[in-house]
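Chemist: Submitted below is the structure of interest, expressed as structure tokens.
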Amino acid sequence: MTPVTAQIPADWPATEERARAVQDGLRARVVLDETGPPPGTGTVTGVDVAYDDERDVVAAAAVTLDAATLAVLAEATAVGRISFPYVPGLLAFREIPTVLAALDALPCPPGLVVCDGYGRAHPRRFGLASHLGVLTGLPTIGVAKNPFTFAHDDPDAARGSTSPLLDGAEEVGRAVRTREAVKPVFVSVGHRVSLDNACAHTLALAPGFRLPETTRRADALCRAALRAAAYPA
DNA sequence: GCGACAG
DNA sequence: ATCTTGTCGC
């Protein structure tokens with residue numbers, strides 16, 4: 001598949017201070033009072049990004065699955081220049097331009113978008129999944145592989161067990177055990193989806209592996225796109 | 001001040 | 001994220 005080329009917007013923040021100001025300005029647009037589409041119906045779209053910092057190349061993939069069968073319905077990739085350094089709390093500024101280009105290149109409208117990383121469980125309540133949701137208007141959730149800002153207890157060993165990610169008494173996300181006795185994933189709301197529903201989607205998308213099928217497919221695809229872009233045939 | 005820190 | 005071999009297990 002031929003990747004599209006992503007452009008970095010002219011007004012993209014160049015400093016950490018300005019990036020944090022963008023997050024503070026957009027945070028109020030997050031919609032938290034919708035439940036979102038039920039698991040197992042319609043489509044779900046996974047997005048992921050791979051980098052070659054040496055060559056200043058970034059590749060993103062968007063993969064749409066049938067939510068009931070998890071069959072791949074559509075794929076798209078985009079490549080571009082790296083738009084921001086990795087700074088914990090500012091991941092969105094590194095990933096979003098290329099992810100948006102990949103989503104735009106899909107032949108069909110995306111379904112609920114599953115991001116690699118956090119949404120609301122973020123130092124300023126505005127992680128990658130929240131940001132992508134606000135910019136696209138799509139329902140989004142974040143499923144991260146590692147803990148970030150908030151403390152949590154280890155969920156019970158059974159698949160489906162959860163434990164809250166707590167900011168004081170407030171539950172901002174959940175550690176979700178998708179495979180028995182295997183390290184949990186960390187789920188938080190992005191935009192227009194409830195936490196209960198985000199966790200239900202995560203379990204429905206991960207019947208056999210720790211990570212949701214959406215992120216597994218998107219991860220494999222963006223890595224292939226990066227290789228193709230960094231080492232042309 | 002020091003360490004920790006999604007990808 | 002990415003650098004990297006073999007190896008244990010289904």
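Cβ atoms here come from the backbone N, Cα and C positions, even for glycine.
If you look up TrEMBL, you'll see A:ASP48, A:ASP116 marked as Mg(2+) binding site. For A:TYR86, the entry in TrEMBL reads site 'Interaction with target DNA'.
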Chemist: Fill in the CA-CA distance, A:ASP116 (Mg(2+) binding site) to A:TYR86 (site 'Interaction with target DNA'), as an integer in Å.
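Modeler: For A:ASP116 (Mg(2+) binding site) versus A:TYR86 (site 'Interaction with target DNA'), the Cα atoms are 14 Å apart.
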Chemist: Cα of A:TYR86 (site 'Interaction with target DNA') to Cα of A:ASP48 (Mg(2+) binding site): how many Å, rounded?
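Modeler: Per the Cα atoms, A:TYR86 (site 'Interaction with target DNA') and A:ASP48 (Mg(2+) binding site) stand 15 Å apart.
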Chemist: Please give me the CB contact count at 10 A for A:ASP48 (Mg(2+) binding site), counting all chains in the structure.
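Modeler: I count 26 other Cβ atoms within 10 Å of it.
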Chemist: Using a 10 Å radius around each Cβ and all protein chains in view, which of these recorded positions has the most neighbours: A:TYR86, A:ASP116?
Modeler: A:ASP116
Chemist: Kindly assign A:ASP116 (Mg(2+) binding site) to one of the three DSSP-derived states: helix, strand or coil.
Modeler: strand
